[in-house]
Each structure stands twice: as structure tokens, then as C-alpha cells.
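Working notes, structure below.
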Amino acid sequence: MINLAYDDNGTGDPVVFIAGRGGAGRTWHPHQVPAFLAAGYRCITFDNRGIGATENAEGFTTQTMVADTAALIETLDIAPARVVGVSMGAFIAQELMVVAPELVSSAVLMATRGRLDRARQFFNKAEAELYDSGVQLPPTYDARARLLENFSRKTLNDDVAVGDWIAMFSMWPIKSTPGLRCQLDCAPQTNRLPAYRNIAAPVLVIGFADDVVTPPYLGREVADALPNGRYLQIPDAGHLGFFERPEAVNTAMLKFFASVKA
């Protein structure tokens, strides 16, 4: 394992949060960490390999990132831990429960999938070609694409709400790095749903109704494959639904974790 940059707050039962592609550990700090700390949990967030303050490594795979998360849980001696993941982070959590089930007591998977459908295969291929071409999009166009990919129509049609995101995305455009390019490939390369039928831990899968990156029907497939899977869909939310609808998402996660054994 490389040196992962992580934050560890609180003293209750541990919850490990795994961010999506391009997201640093601080992704969870505006909304989820305060809610979980208030509920008495210990919150561990970290920068995935290739992003943030963690070494900007390259040449890694999904298996490498799964091993990183496993090593963090083992190093902190917090197994079995509750785990929360979104998008790529949810996929990492799923694969972790396949190879090291003893490390995870229960999990919440948001905006996830166990396979790529035809549209998502094409989207990934197109994004890989953009990265590999070396073309850097103008910040405003990059912001436009991120808005359309990540938010619901409700947010996009709200002048106040969308204005804040326009400003943020325009000021902080995505920079192409080897690490971010590797993260793009940290997605299902085959249909992984059959493997998930052996996961015994209780899992809540949360889908976001307006998600075009990982549409909710793909998340429902994961829940259906899990022996102890549950599914919940949040309305008026896109791929970043945990930012758009934090109260609804946090309430669902905390209710779920309270209902299952640590």
C-alpha cells in the first residue's frame, strides 16, 4: 500500500467513506461527516490512489485500490467496519466485500453498478480518448459537461443553486493526470453481478433518479444480486445526489446502519 492521506474523526463505531473518481476524502466533509459524527460514529475519509494528497500514482487497477482500502482498515484495526461508497468508491466497496468479507460489517453503495451497459461503455471509451488525446477543454465547457452529467433537472433549473456550482466548477476545472486516467478504468470490465451473490453483509443500495452516469436501474441490479441487499431511490437527484439531497441521503444511511449489527 502507498501512503494514503486520510482523516480520522470521532470515537464511535467506525465508518469508512470511499470517494468516487476524482473525488478526494474531503468530498464527504460538507454533509456526511458532520451528520455521522453527530450520530456518534467515527468517520474515516481518505484520498484514493491517484488523487488529492495521496501520491499521484499511475499504472494501478481496481484490485490495487481495493487492496489500499483493505490495508487502511487493517492498519487502523477497525475491522469489520461499516463502509460507504459512491460511484467508483461503491464499486471498490463491492469488490472489497468479494475478496475480504471479514473487513466489512455492512455497507451503503450509492450511484453504483455491477456492469456497464452499452451507453456507459461508450461514455467511458469517449472519456478515455479525451484524456489520451491530451486535449484540455476550456474551463467553462468542462464545467458545462460536469453540470449536465452530475445534477438533476431540479438543480439545473434553479438559478441560485446552479449558480454556485457554475462558479465552483469554473474555478476548479478537472486537470488530466495519470492517476485520474487510471481511475477511469476502475469500473466493471465484465459483468460482476454473479460474484455479488456471495456477499453476505447487509447492504443498502441508493440510486439517484436523475443519474445519467450510473442510472438507477444498474444500482437496482446490484441490490437484487446481493443476498441481503436493499434498494432505495432518491428523487430530484443526479450522480452527485449526496450533495444535492444530503438530508435525505444521510437520513437513509443512518437509519440503515442503525438497523443492522456492527
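Backbone N, Cα and C atoms are what each Cβ position is placed from, and that goes for glycine too.
The annotation substrate binding site is assigned in Swiss-Prot to ARG21, SER87, MET88, ARG120, HIS239 on the grounds of a curator's inference. Taken from Swiss-Prot, the feature active site covers SER87, ASP211, HIS239.
Structure coloured by features recorded in Swiss-Prot.
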residue : record                 : Cβ within 10 Å
ARG21   : substrate binding site : 21
SER87   : substrate binding site : 26
MET88   : substrate binding site : 24
ARG120  : substrate binding site : 18
ASP211  : active site            : 26
HIS239  : substrate binding site : 24
Measuring Cα to Cα, how many Å separate SER87 (substrate binding site) from ASP211 (active site)?
11
Quick one: Cα separation, ARG120 (substrate binding site) versus ASP211 (active site), in Å?
12
Enumerate the residues of the same chain, ARG21, SER87, MET88, ARG120, HIS239 excluded, that satisfy the criterion Cβ within 8 A of the mean position of the Cβ atoms of the recorded substrate site; list them in sequence order.
GLY20, VAL86, PHE91, ALA111, ALA187, VAL213, THR214
Check the Cα distances from ASP211 (active site) to each of the binding-site residues ARG21, MET88, HIS239 and keep only the ones within 10 Å.
HIS239
Could you state, as a whole number of Å, the largest distance between Cα atoms of any two of ARG21, SER87, MET88, ARG120, HIS239, the listed substrate binders?
15
